[in-house]
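Notes for the one structure printed next.
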């Protein structure tokens with residue numbers, strides 16, 4: 001992987017590197033297709049969104065935005081294969097390979113790393129070791145598939161850059177005729193799962209903060225407040241913090257959160273590597289019925305597919321993002337190694353007593369351990385406001401045009417308050433951190449991280465260049481979709497069973 005000297009650039013806050021990239025006509029040079037629309041091949045028309053092409057608008061069914069008819073693939077334009085989308089991108093502050101590598105680490109290394117020992121407890125010491133590498137490799141491969149398909153579609157349709165939802169929509173418009181009518185749905189589904197994933201993370205953050213604070217405060221107070229009460233207490237200041245609409249005002253909170261998280265995890269490692277028992281004292285493999293919780297937790301921890309298109313779109317050399325070697329391979333390789341390390345040694349240290357967050361296993365009476373719990377709780381508290389920025393931006397963009405201008409300010413503030421209260425209400429109702437993490441991973445990230453990229457590749461490769469000898473791409477992607485569906489169903493079912501056991505008093 002080649003790293004280039006970077007321009008001076010302020011590090012991105014978490015919400016900035018989890019932004020959902022948009023494509024706007026003023027953001028790049030759009031090269032007009034050679035010839036007019038009359039040169040389009042006769043047959044099934046293909047469509048692209050009008051803000052992705054410098055041509056007059058013609059409304060067509062199947063997309064969320066006005067569409068235009070364009071040439072079918074192989075329509076006789078010899079210049080199409082020579083179009084380089086990367087030459088037409090206009091990025092105000094392009095990132096070097098090293099900067100992108102750092103942003104990828106920041107986007108993938110989050111609170112999920114603290115849940116990895118719990119994931120190993122649902123797999124076994126040795127099976128968890130192998131399975132974490134396998135699932136991490138699979139997630140990385142699906143990211144490769146998504147970005148590669150985005151590059152193909154950019155060249156095919158002469159579009160400099162696309163976001164995740166853009167790639168999904170254009171793939172369906174470019175695929176078999178039966179998929180064309182579903183292009184609007186797939187765009188809606190991708191954005192919906194992104195919103196659900198991010199709001200679900202916000203709920204998990206509330207439970208995490210409340211659980212750690214409750215542990216520390218209970219040492220000093222005779223009257224013990226439940227986790228649910230602490231969730232409501234934590235939600236109140238977040239309502240006011242989430243009314244901040246300008247991202248730059250949240251950047252200092254990001255810096256504080258990063259410092260506290262780093263220091264807290266380092267101290268946690270010190271506790272974790274002290275007086276380790278022999279590996280023979282831990283089960284190497286557990287019952288198959290517990291594997292879905294492992295799968296959901298690992299997917300939640302490792303899956304960073306929501307940030308990859310934003311990172312790739314901002315790169316000075318986008319071709320360095322995928323391939324071998326590449327920024328993605330180096331970054332995800334390091335992430336997988338760190339998560340496996342924490343999961344393996346965390347479970348080895350605490351065994352059957354491993355809790356949903358490794359910080360909850362630290363000794364309650366130890367002052368240093370208490371400081372770690374509070375540091376990481378404060379870091380996650382500040383991260384909530386940054387994580388909240390993305391889903392509110394997606395939702396408000398879809399609602400803004402339906403509201404009268406004079407009522408837009410009050411409506412946006414009302415939406416922000418309602419969403420924070422909703423997250424607080426869900427967290428109060430489901431305060432069990434373990435199955436909550438697994439549920440979000442199984443429902444949202446198995447869909448976005450495996451099922452959607454595999455479906456996109458099937459659509460993109462349908463006509464040109466095809467599925468390969470013996471239809472190997474068809475079989476491969478069918479396997480990925482099946483694996484994602486099984487993870488979705490099994491992870492959701494087991495998580496719901498865990499919640500039911502908690503409510504019935506049997507957990």
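Cβ atoms are placed via backbone N, Cα and C, with glycine included.
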TrEMBL annotation (transmembrane segment) - matching range among 227-244, 461-478:
227-244
Please find, within the list 166-183, 256-273, the residue stretch that TrEMBL describes as transmembrane segment.
256-273
Which sequence-distant residues neighbour the transmembrane segment (368-392)? Criterion: at least 6 residues beyond either end, Cβ under 8 Å.
13-15, 18-20, 110-111, 114, 194-195, 198-199, 201-202, 205-206, 208-209, 212-213, 215-216, 219, 234, 238, 241-242, 244, 247, 250, 253-254, 256-258, 260-261, 263-265, 267-268, 271, 359-360, 362, 415-416, 419-420
